[in-house]
Amino acid sequence: MTTREDCLALDARDPLGPLREEFVLPEGVIYLDGNSLGARPRPALQRAREVVEKEWGEGLIGSWNSAGWRALPERLGNRLARLIGAGEDEVVITDTTSINLFKVLVAALRVQADRDPSRKVIVTERSNFPTDIYMVEGLADMLQQGYSLRLVDAPEELPAAIGTDTAVALITQVNYKTGHLHDMAALTALAHECGALTIWDLCHSAGAVPVDLKGSGADYAIGCTYKYLNGGPGSPAFVWVAPHLRELVWQPLTGWWGHVRQFGMEARYEPAPGIGRYLCGTQPITSLAMVECGLEAFEKTDMQALREKSLALTDLFIERVRARCGEHPLTLVTPLEHARRGSHVSFEHPEGYAVIQALIDRGVIGDYREPRIMRFGFTPLYTGFTDVWDAAEALVDVLDSDAWRAERFMTRKQVT
Ligand SMILES: *Cc1c(COP(=O)(O)O)cnc(C)c1O
């Protein structure tokens with residue numbers, strides 16, 4: 001059985017421990033929500049000043065060239081590539097995950113329409129992040145070509161749901177609620193056997209678990225940078241397309257940034273070769289620049305080391321909560337098996353919302369997702385073993401004391 005002293009010792013000899021200094025968190029806060037909005041990298045403030053004061057304020061329009069603004073989506077894409085098993089010049093950072101999903105979904109459907117127009121089914125999980133499902137619905141409605149959505153109710157049902165009628169399997173690698181982790185290589189191989197293409201949503205994987213897009217044979221991938229990648233609130237998302245599929249079709253948002261000669265100002269669209277064609281319009285440079293600060297922290301370590309610590313942190317949290325909260329109506333919904341677990345842990349509690357609010361009141365920040373799910377994210381870059389211990393003890397205290405029953409913890413806020 002672990003003790004708090006053991007946790008202090010683990011932190012003291014943790015080779016990733018010093019990386020905590022790369023981030024700024026308020027005093028007295030244990031931040032377990034880096035899976036929703038990553039913490040602020042220390043250099044971000046300085047970088048923001050530089051972009052606003054110097055690049056914008058002094059460089060003005062010239063900064064598109066002199067400060068490298070125009071090249072940022074590609075340049076940062078290359079820095080991210082290493083974390084997701086993508087190659088050089090294969091990733092751009094741009095737009096939002098929802099928008100990038102729209103682009104790759106249309107592209108994938110067009111590739112399939114050329115190969116076998118009878119494939120009309122898009123398979124995904126009912127518990128997928130809602131925007132993924134909504135974007136498919138909206139697209140099917142827009143196209144009016146008989147596309148339909150097949151929603152499966154459990155991760156184990158995915159393989160059987162992907163068949164010869166399937167155009168695309170849209171799979172979020174780590175489920176945002178349960179933390180369930182899919183086997184990318186196995187599911188991709190299965191989809192390909194049926195002739196289906198795969199789109200991988202890496203929102204809860206990038207920077208959280210090792211990802212090997214190329215090694216897995218994946219077709220398309222999208223994901224955000226404001227969660228585990230610590231790019232800042234609403235920082236632009238990323239998109240990757242397997243090189244052999246990239247130039248087969250146009251992506252649908254044919255804006256001038258994706259044109260082969262952006263400043264040719266030609267009357268006709270001609271997509272850029274390479275991943276640059278997945279850009280659409282002018283990028284939010286101040287926000288995009290912050291992504292670099294998030295990525296820099298990852299260059300001081302590697303995903304294997306982060307994964308080991310992440311599993312140790314989630315193991316410890318599960319062990320502590322189970323040992324200490326046995327009498328309370330808590331149900332672990334995150335897989336115990338390491339190979340099926342992402343980097344967050346979720347427990348169901350009938351009054352999960354109020355319990356989370358009471359925890360936040362004590363400086364332990366997790367979050368709540370409908371229905372009844374309390375979510376705790378463990379980001380090995382800045383979370384220590386003693387944090388995990390103390391967070392579990394705070395949960396014990398909130399539950400044992402019934403503190404969560406206070407009226408003020410019951411009122412729902414706009415963002416939960
Ligand atoms: C967070 C998240 C998104 C967010 O999409 P945005 O367009 O960036 O708001 C999409 N999909 C999944 C699986 C997510 O976890």
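Cβ coordinates come from backbone N, Cα and C, glycine included.
Remember, predicted model here, so these are calculated numbers, not experimental data.
Database features, via TrEMBL:
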| type | residues | note |
| --- | --- | --- |
| BINDING | T97, S98, F129, P130, T131, D132, T172, D201, H204, Y226, W256, T282 | pyridoxal 5'-phosphate binding site |
| MOD_RES | K227 | N6-(pyridoxal phosphate)lysine |
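Everything TrEMBL records as a feature, shown here on the structure.
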{"residue": "T97", "record": "pyridoxal 5'-phosphate binding site", "DSSP (3 states)": "helix"}
{"residue": "F129", "record": "pyridoxal 5'-phosphate binding site", "DSSP (3 states)": "coil"}
{"residue": "T172", "record": "pyridoxal 5'-phosphate binding site", "DSSP (3 states)": "strand"}
{"residue": "H204", "record": "pyridoxal 5'-phosphate binding site", "DSSP (3 states)": "coil"}
{"residue": "K227", "record": "N6-(pyridoxal phosphate)lysine", "DSSP (3 states)": "coil"}
{"residue": "W256", "record": "pyridoxal 5'-phosphate binding site", "DSSP (3 states)": "helix"}
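Spanning the listed pyridoxal 5'-phosphate site, residues T97, S98, F129, P130, T131, D132, T172, D201, H204, Y226, W256, T282 have a farthest Cα to Cα distance of 30 Å. Closeness to ligand 1 is met by F129, T172, these being the binding-site residues among F129, T172, W256 whose Cβ falls under 6 Å from the molecule.
Annotation for the residue listed as 'N6-(pyridoxal phosphate)lysine': spatial neighbours G34, N35, S36, L37, G38, C203, H204, A206, G207, A208, criterion Cβ-Cβ under 8 Å with sequence separation of six or more.
Remark: of the binding-site residues F129, W256, the most isolated position is W256 (fewest other Cβ atoms within 10 Å of its Cβ). Just so you know, of the binding-site residues T97, T131, T172, the Cβ with the fewest other Cβ atoms around it within 10 Å is the one at T131.
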